[in-house]
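This structure is in structure tokens; I'll ask about it shortly.
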Amino acid sequence: MYAISGYTLYLLHREYKDFVARRHHFLSQPYVQQYSVVIHDLPKQLRTCESLTTYLNHLFPNAIHSVVVAVDCKQLEKLVAKRSHYRCKLERALTQWTQSGRNNHRPVHLVKSRGTTVDAIDYFGTKLDRLNYRIQVDIDELETRQKHLYEAMADNCLEDASCVSDPDIERSQSQNHIKMPQTSTPMKPTSRPLQQIEGETKYLLALMRPTAFVTFRTLLGTHMAQQLLQTSKPTKMLIEAAPCACDINWENLGLKVHVRNTLQLVARYLTIGIVLFWTVPSTVVTSFSSVESLRKLIPALGPTFVTYPWLEGLFKQLTPLGLVIMTALAPVMFTLISRREGHLSEPQIQTSLLHKLVYFQFTQIFAVSVVVGSVLDSLGALVDNPVSAITMLAKAIPAQAASFMSYLIVKTSLGLTMELFRVGPIVVGVLFSVLAPKSTPRDRAAKWCGLAPASEPGVLPYSQNLPDYFLAILLTLTFCPMSPVLCYFAYGFFVVSDVVFRRQLLFVYNPALNSTGLCWHPMYNFVIASLVVAQLTLLGVLSLKKAPGPVVAAAVLPFLTLFAHVNILNLYPRTATYLPLLDCVRIDQHRRYGHHITDFPKDNYVQPAMLARTPLQPEYPPSHASGINGSDGDLNIAVAPSNALRDERDKDELGMYFLSD
């Protein structure tokens, strides 16, 4: 066990060094994500782009590229979603009418609120036109409110940011330092009362969220901002590296630290409850592996097993198959929980899901299998002598090797085969092709009710696959000194997995370029934990022996492992988190004469709803337009109503869509 533990720690140390090198290579890339940070829990005086820019320019002169403060635009997001919905409806109506080839049979739509049928093209075109105008007006209004908020707040050097570190100044500033911004001409004193200005400021502050994205011009400024302490308040100005804009979960943007901590605490307790509740069906499934235990618990099954001896082998195979099926259901539940924990980006959500699935598999597959197998076999003796539970567990763990071998065989032969032939995505794709609307190209490419076409594989779900390999590592380390035969099955599982997933990553899945390596740290901790569990298990088994030498030698091993673990944690995690400042300076000097930094878009981290100003227009297949309207083959469809039709509809809005019933 000393050799296995030493080799495992050597591999972890080598992999950690390789991870640091790859992480630094990723952090040095010339992309906007590497030059950006996200600031959580901004104080009220810094919740405008102008005031936050002023504050950052004093800390990092000439290093700020752009600042984006999040706004509360839930109503606008609903309008944008509704507009996309009506565009899809209009495209379906246009496609249906185009494919029919008959101009006098236009598609109709049932308005449920009035119980009447209307011209679908005319109805959805009007809705889309109105939403285009409404969204433009709302965006202009939000931008105007942000300007008014800045005008209602102080803009006198660092007075805006003084509240960050001094609570007394924050209170006095909110009471005495509210003034108009400085301009090129002298400002005239305002004639409005102070209470009115404060009321307007509070009203406008409700619009801003306490989160901002800052893009720097240099890597040096980016990593200095992440490592510097901004305030003495532990819940203000929390800075971390910004995720990729395409991975941001915009629904969780702007949540305060107390809200995020509360959501994560509730999710943690909910996860514990699910794991404990799931123990009941796992216990039932695990009990199938011990036919003798079933005969003791249910004596009526004895004659059945005698009459049909093949049932004994069937019941033994039901345990690994049932555990695999139950494991496949866990990601669905834990994904829903992880998405409601307040995480800002998709990689953070997947990392949280990885933690939950690892705890789930360790509890349900490893711990429950060992405990249930020993308890069912020695239930009477355990009631008479509870202290004998330790001895029973030490004896039961080697006896569970056959069950875990069957589990690895099922994962290799069934799980990896289904992954290779993509059985799950094909089934989902068939359901999508049968149930989802597919009249337009947009419908055929978009998801529908969680279903997606098989031609859209997405990225590899690392958080759902890595727990299986954690369990395989745990089983290998635990049983290699007690049942070495299991190592061959684990080796086969890893070899086949390498072949299958290497092929899938190269030819099937989309590459995940912005995961930032968040899964490495939990996987490293899980491997260390599995090594300690294996060492403690061996210690329990050796404690049954009368010789004290092996017990003492095994007792020292966990302490040596923890010592090596602490040494690695003191060396590499911080090194892997940030790029060294000297490297930042060297890279910045090398890129000084390049123009890619100034070419970064300033709206990269603006909320998508705030960028939806451009009106949407329907897209319909022009191939069906030939011969529909006139000899030239042009399809003349008035999506937006004409002015005369607008006037007529304004006079009688209820009757404007009526058709013959």
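Any Cβ shown, glycine's included, is placed from N, Cα and C.
Copying in the features that TrEMBL gives for the protein in this structure:
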type	residues	note
COMPBIAS	172-192	compositional bias 'Polar residues'
DOMAIN	34-146	domain 'CSC1/OSCA1-like cytosolic'
DOMAIN	265-541	domain 'CSC1/OSCA1-like 7TM region'
REGION	170-192	region 'Disordered'
TRANSMEM	266-288	transmembrane segment
TRANSMEM	318-337	transmembrane segment
TRANSMEM	357-376	transmembrane segment
TRANSMEM	388-408	transmembrane segment
TRANSMEM	420-437	transmembrane segment
TRANSMEM	469-501	transmembrane segment
TRANSMEM	522-544	transmembrane segment
TRANSMEM	550-572	transmembrane segment
If I count Cβ-Cβ pairs under 8 A between the transmembrane segment (550-572) and each of 318-337, 420-437, 469-501, 522-544, which range comes out on top?
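The listed stretch sharing the most Cβ pairs with the transmembrane segment (550-572) is 522-544.
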Where DSSP helix means H, G or I and strand means E or B, what are the helix, strand and coil counts for the domain 'CSC1/OSCA1-like cytosolic' (34-146)?
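DSSP classes over the domain 'CSC1/OSCA1-like cytosolic' (34-146) add up to 70 helix, 21 strand, 22 coil.
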In the same chain, which residue numbers or ranges, 6 or more beyond the ends of the transmembrane segment (522-544), come under 8 angstroms Cβ to Cβ?
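Residues 1, 5, 8-9, 12, 15-16, 351, 354-355, 358, 390-391, 393-395, 397-398, 466, 470, 473-474, 477-478, 480-482, 550-551, 554-555, 557-558, 561-562, 565.
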Give the mean pLDDT for the domain 'CSC1/OSCA1-like 7TM region' (265-541) on the 0 to 100 scale.
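The answer is 83, the mean pLDDT of the model over that range.
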